Amino acid sequence: MPMDRDAFIITPAEMSAIDRDAALSGIDSFRLMTSAGMAVAAAALRFYPEALRFVILCGPGNNGGDGYVAAATLCRSGVPTGVYALGDPARLKGDAARAHAEWGRTAESLAQYRPKPGDVVIDALFGAGLSRPVPDEAAVVIRAIKHEDLPVIAVDLPSGVDGRSGQVLGESFHASHTVTFMARKPGHLLMPGRTLCGRLEIFDIGIPERILRIRTAGLCENGPHLWAGHARALDPSAHKFKRGHLAVFSGGPLATGAARLSAMAGLKAGAGLVTLASASAALNVNAAHLTAVMLKEVEDAGALALWLADKRVSAFVLGPGFGDMETARRYALMLSDRALVLDADGITAFKGDPASLFDAYAGGETRLVMTPHDGEFARLFPDIEADPSLSKVDRAIAAARRSHAVIVYKGADTVIASPDGRAAINTNAPPWLATAGSGDTLAGIIGAHLAQGMPAFEAAAAGVWRHGRAGAKAGEGLTAEDLAAAIEPLPAFS
Ligand SMILES: NC(=O)C1=CN([C@@H]2O[C@H](COP(=O)(O)OP(=O)(O)OC[C@H]3O[C@@H](n4cnc5c(N)ncnc54)[C@H](OP(=O)(O)O)[C@@H]3O)[C@@H](O)[C@H]2O)[C@@H](O)CC1
Ligand SMILES: Nc1ncnc2c1ncn2[C@@H]1O[C@H](COP(=O)(O)OP(=O)(O)O)[C@@H](O)[C@H]1O
Ligand SMILES: [K+]
């Protein structure tokens, strides 16, 4: 399925390259700015027809240029406006200088602005070009506007949000609406940027799609376009082994629930068979709870080695509730020529020696998927986690490259990354997925996809998306059991 235009995510650096490509192909950059500024003005009038005054705050770059175009458009439409500039407008360059000149009035200095009830703020201070914390002069005004609780329409990005990472640089607006151009930037989707944007509108200012596509290879929003090609409808002659056999390792007798959640999710997600592998101490408690999921006694590494002779067991989930770190390490290394989802304790088990895991899965097709939340990520990749220059996308890709694994870096803004540099940001997860056992369910869904023979990146991305969709379907107040029951068939999305 070709990537939907709406799934494009363009970093600020890529956007600059796109600007250059557009100029080289003869597109007039001032017309782009004019379209952008007019779109902002139109959005302002549409969202806030009751505004007593539109206050446009203009910065020193092209974001400010968009602001001057918006100000001129609003003036022409006859609504009251106030324009306040950060820095000396005489120092504006290029298109921004022209936009300021065409507006043709004199801006007051930003420090003069005193928020008043009835004002609607148009934030054109900084957009994609923000490269360091906002200056104090801007931070003071941002805080004053927040204090008055005025509505803010952000041009491209709320000033203070880093378009590359979604992180706040110093201080940031919390916009009620954001109007961006052509495509979203990572900062619109990564936390906390996503929540600071308010309602996001993407406006087409007229850069041709062919120019965008050249620069948007690696990163996109997660969705069926990424993996629907691997979600085939059921073959009418299929038998259960053809639909994949997933094995999930159980924890000890007092910690069996997590693995059972993974197993049930795997079955619901479409694996033909799911077997729970349990040491003898936990066999009875598992037996008392299982129906469609099968149970097999796997006492130790010797028993696992014998079982691995059965090549029909096509994928494994190891980690949920597992508990025994030494055995987790041994099993994960024994499984290195099979497809494995390593979650929870399975990840933590390698805290002291991640290289042994990474080396075992190096070479050949990617077959390991790891599903860390923040804490687990930091255990395996402390240096990557600690590097403040990296966005969540950068971190996930760096971890995937190092570990030869697909990384599902979980959270409200889960990032799925492949060792080959592809990455996707997931956006369909409702916040009530933050509930005990939700991650175990996700591991089971991904395991089912691997068992069916999906490549690891697609298996993981599809799993995260189905997990989010199941969460939305089950609704607020769900438990992990409800979540598994709400998983929808995969072909429904193709
Ligand atoms: N094709 C498109 O996408 C189109 C994009 N368009 C618009 O262009 C915007 C991007 O414009 P932009 O590159 O000029 O960056 P922008 O955000 O205005 O800021 C850069 C300026 O701020 C400065 N500066 C940075 N950080 C600072 C700080 N902390 N404190 C103080 N200064 C700081 C920086 O100076 P310097 O870093 O060089 O000191 C520079 O002067 C984009 O968001 C969109 O609105 C539209 O016009 C239509 C076409
Ligand atoms: N605020 C949130 N919004 C959306 N999804 C979330 C949020 N918080 C957590 N999640 C998702 O819920 C799951 C929680 O997984 P995890 O932390 O491993 O929980 P557990 O160990 O209890 O199963 C992950 O898929 C994560 O992406
Ligand atoms: K802005």
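Numbers here mean position along the shown chain, with the first residue as 1.
Using N, Cα and C of the backbone, Cβ positions are placed for all residues, glycine too.
All protein chains shown were included, and the count of other CB atoms within 10 Å of the CB of H373 ((6S)-NADPHX binding site) stands at 17. What TrEMBL records for 62-66, 127-133, D156, A258, G321, H373, D440 is (6S)-NADPHX binding site.
Taking the Cβ of S159 (K(+) binding site) as centre and 10 Å as the limit, one finds 29 other Cβ atoms among all the protein chains shown. Annotation comment: TrEMBL describes N63, D123, S159 as K(+) binding site.
Proximity of D413 (AMP binding site) to non-local residues of its own chain (separation of 6 or more, Cβ distance below 8 Å) is seen for G166, L189, L190, M191, R194, K392, I425, N426, T427, given in sequence order. Annotation note: D413 (AMP binding site) sits in a coil segment as assigned by DSSP. Annotation source TrEMBL lists AMP binding site at K410, G411, A412, D413, T414, G439.
The domain 'YjeF N-terminal' annotation in TrEMBL covers 15-213.
Sequence annotations record features per position, and here TrEMBL assigns domain 'YjeF C-terminal' to 223-494.
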T414 (AMP binding site) versus binding-site residues N63, A128, H373 - nearest by Cα: H373
N63, D123, S159 screened against H373 ((6S)-NADPHX binding site), Cα within 10 Å - retained binding-site residues: none
Where G439 (AMP binding site) falls in three-state DSSP terms: helix
Three-state secondary structure, S131 ((6S)-NADPHX binding site) (per DSSP): coil
Cα-nearest neighbour of G65 ((6S)-NADPHX binding site) within the listed binding-site residues, S159, K410, G439: S159
Spatial neighbours, same chain, of G411 (AMP binding site) - Cβ under 8 Å, 6+ residues apart: M191, H373, D374, K392
Same-chain residues at least 6 apart in sequence whose Cβ lies under 8 Å from N63 (K(+) binding site): A124, L125, F126, G127, A128, G129, V155, D156, S159
